[in-house]
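Record features, source TrEMBL:
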type     : residues : note
DOMAIN   : 8-153    : domain 'C-type lectin'
TRANSMEM : 190-216  : transmembrane segment
REGION   : 221-246  : region 'Disordered'
COMPBIAS : 224-234  : compositional bias 'Polar residues'
């Protein structure tokens with residue numbers, strides 16, 4: 001689901017968190033997934049937007065959904081053509097969606113540059129704090145082929161009207177972060193349900209076909225017997241018994 005904060009003129013977000021580590025993806029895969037879905041890998045324009053994302057992740061952690069350690073790709077990266085070992089390395093990073101936002105939230109002693117050219121937002125609530133404090137929400141550069149969760153960002157658009165029973169006023173502090181969640185579509189959901197059932201359907205089809213074949217085979221076997229076979233033991237011509245002669 002896309003999650004929207006405040007009014008409809010603001011951006012919306014989608015957090016892709018995978019408890020199954022094997023489903024986490026590299027930077028380019030995450031970037032492509034967001035773009036296919038009509039968004040872009042997260043860019044952060046200000047401290048306020050950074051705080052908003054932190055609140056979203058905190059809400060996930062408190063929801064009891066089992067979310068645990070797992071960093072998130074954001075849309076900051078640098079080209080491998082840059083001078084990674086130079087002091088200008090931090091200035092080589094750019095946003096994948098074309099944003100020119102200068103906002104940065106690096107962890108202490110980051111970016112380390114070298115072969116690490118793509119950026120994650122730390123989310124390691126169970127890790128022991130480092131020199132820069134807990135590994136939560138600050139940024140770290142990592143190798144682009146590493147597997148992580150990711151966050152997509154969507155431009156302002158048209159979304160369903162808020163139900164009349166749940167009005168909100170963005171001028172009120174308590175309604176500042178009113179959440180509106182919109183479904184991404186019923187077709188993808190059906191796909192997720194149908195695809196895993198295909199092997200089971202094939203197995204049922206094979207079993208049904210085998211059963212029908214056996215029944216047909218047995219039926220043919222019974223019809224091979226001639227109706228007259230049951231009377232073959234009876235002689236067609238009466239036999240004359242010598243004891244009956246006069």
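The backbone N, Cα and C atoms fix where each Cβ goes, glycine too.
For the domain 'C-type lectin' (8-153), the model's average pLDDT works out to 90. Mapped onto DSSP helix, strand and coil, the domain 'C-type lectin' (8-153) counts 33 helix, 38 strand, 75 coil.
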